[in-house]
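Listed features, source TrEMBL:
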ACT_SITE  Lys11  active site
ACT_SITE  Asp147  active site
BINDING   Pro105, Val106, Ala107, Gly108, Gly109, Met110, Ala111, Gly112, Gly113, Ser114, Ala115  ATP binding site
DOMAIN    77-155  domain 'GHMP kinase N-terminal'
DOMAIN    211-287  domain 'GHMP kinase C-terminal'
Amino acid sequence: MTAVTVRVPAKVNLQLAVGPAREDGYHDLVNVFHAVSLFDEVTVIAAQPCAERGLVRLTAEGETHGNTAGVPLDATNLAARAVHRLAAETDAGAPVDIQLTKRIPVAGGMAGGSADAAGALVACATLWGAELGHDRLLALAADLGSDVAFPLVGGTAVGTGRGELLTPVPSTGRYHWVFALSGTGLSTGAVFGEYDRLRPDAPEPREDTALMSALASGNARALGAALRNDLEPAALSLRPELRSTLDAGRDADALGVIVSGSGPTCAFLAEDRAAAAHIAAALRESGHCERALVAHGDVPGATVVCQE
Ligand SMILES: C[C@](O)(CO)[C@H](O)COP(=O)(O)OP(=O)(O)OC[C@H]1O[C@@H](n2ccc(N)nc2=O)[C@H](O)[C@@H]1O
Ligand SMILES: Nc1ncnc2c1ncn2[C@@H]1O[C@H](COP(=O)(O)OP(=O)(O)OP(=O)(O)O)[C@@H](O)[C@H]1O
């Protein structure tokens with residue numbers, strides 16, 4: 001085998017309940033992840049070992065213009081960090097070229113970098129024939145970042161701890177989404193910092209039973225009413241113009257309107273595919289977003305789509 005390509009999904013958070021800051025600077029969460037059909041692709045290609053190059057060389061391209069701005073191409077890229085960690089963990093590492101095809105917005109609150117890290121783990125484990133159990137892979141992913149384990153499993157799942165301890169949620173519905181993208185990202189750490197400033201008395205996070213029953217019944221209207229994101233006031237405080245984006249989706253009769261994770265992407269739940277197209281058109285026309293993309297969820301996690 002000389003090359004492996006893995007397709008890996010973005011996430012939206014259906015519930016993001018955030019507790020007080022912990023001593024290690026992180027926050028305990030009840031984080032209901034939902035994988036949606038915006039995918040990055042991670043291809044790893046076996047490279048000839050030679051003195052001048054290290055373990056990883058990386059390139060990134062965006063299918064949509066401008067979608068690789070802000071993606072580091074050095075060892076700080078989360079996909080490159082994932083490959084180094086996997087090599088250290090398994091002793092199976094050999095030089096690779098990584099090609100990222102970015103469709104998930106960068107620094108958009110949809111876990112694009114985390115998705116790439118998860119994709120790189122699966123692609124390199126496959127290329128190297130590394131016999132790593134599922135639990136070890138999940139632990140390695142969790143160590144790389146709070147959002148990295150989820151794109152390995154996909155679907156819908158509750159994340160506790162700092163978001164990395166996953167319990168799958170059986171989900172019966174197919175949900176139609178619109179994502180309004182901003183031209184400039186928001187730093188996840190800065191949004192949590194603003195949350196601490198706004199909510200010094202944050203309570204311990206709790207799972208929302210209304211959301212869980214909506215997911216169990218597959219009722220999009222009930223799900224729309226139950227969407228909650230504790231980070232939304234912090235994202236709006238740092239980026240007040242997002243209020244107009246959320247209002248534009250509300251005016252177009254979205255069933256639910258929410259900032260995705262740490263933002264600035266805004267997510268709109270639609271009744272069906274036609275309603276999603278209508279909301280996307282209204283958002284584009286409003287001028288209150290850079291782009292509006294239609295997607296559905298949930299979808300599976302990291303999947304090998306090609307091996308040569
Ligand atoms: C906002 C979410 O996207 C929701 O899914 C995640 O909680 C963020 O996950 P992530 O980007 O993988 O975050 P990490 O790389 O682990 O942490 C980035 C920064 O976010 C903050 N952070 C993250 C997760 C968490 N439970 N508490 C935090 O306070 C910390 O300041 C941390 O330094
Ligand atoms: N593979 C990658 N793709 C995009 N950004 C990356 C990648 N690796 C590292 N980064 C860095 O991480 C930062 C956050 O990028 P990312 O797209 O993961 O944000 P995000 O979707 O808001 O993350 P999350 O939702 O997990 O908090 C970027 O600004 C960039 O500097």
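Glycine is treated like the rest: Cβ placed from N, Cα and C.
Curation plays no part in TrEMBL annotations; they are all automatic predictions.
For the recorded site, Lys11 (active site), the DSSP three-state label reads strand.
Neighbours of the ATP site: apart from Pro105, Val106, Ala107, Gly108, Gly109, Met110, Ala111, Gly112, Gly113, Ser114, Ala115, residues of the same chain with C-beta atoms within 8 angstroms of the site's C-beta centroid are Ala10, Ile104, Gly185.
Ala111 (ATP binding site) is 6 Å away from Lys11 (active site) when you measure Cα to Cα. Not one of the binding-site residues Pro105, Ala107, Gly113 places a Cβ under 6 Å from an atom of ligand 1. You'll find the Cα of Gly113 (ATP binding site) roughly 9 Å from the Cα of Asp147 (active site). Here the domain 'GHMP kinase N-terminal' (77-155) has a mean pLDDT of 96 out of 100. Inclusion criterion for the binding-site residues Pro105, Ala107, Ala115: a C-alpha placed within 10 angstroms of the C-alpha of Asp147 (active site); this criterion is met by Ala115.
Candidate recorded positions: Ala107, Gly109, Ala111, Gly113, Ala115, Asp147. Those with a Cβ under 6 Å from ligand 2, in sequence order, are Ala107, Gly109, Ala111, Gly113, Asp147. Residue counts for the domain 'GHMP kinase C-terminal' (211-287) under DSSP (helix as H, G, I; strand as E, B; rest coil) come to 45 helix, 11 strand, 21 coil.
In sequence order, Val8, Pro9, Ala10, Lys11, Asp40, Ile104, Pro151, Ala302 constitute the residues six or more apart from Ala115 (ATP binding site) in its chain with CB-CB distances below 8 Å. The residues of the domain 'GHMP kinase N-terminal' (77-155), classed with DSSP into helix (H, G, I), strand (E, B) and coil, number 45 helix, 8 strand, 26 coil. In this view, the densest Cβ surroundings among the binding-site residues Ala107, Ala111 belong to Ala111, judged by other Cβ atoms lying within 10 Å. For Gly109 (ATP binding site), the count of additional Cβ atoms within 10 Å of its Cβ stands at 30 [all protein chains shown].
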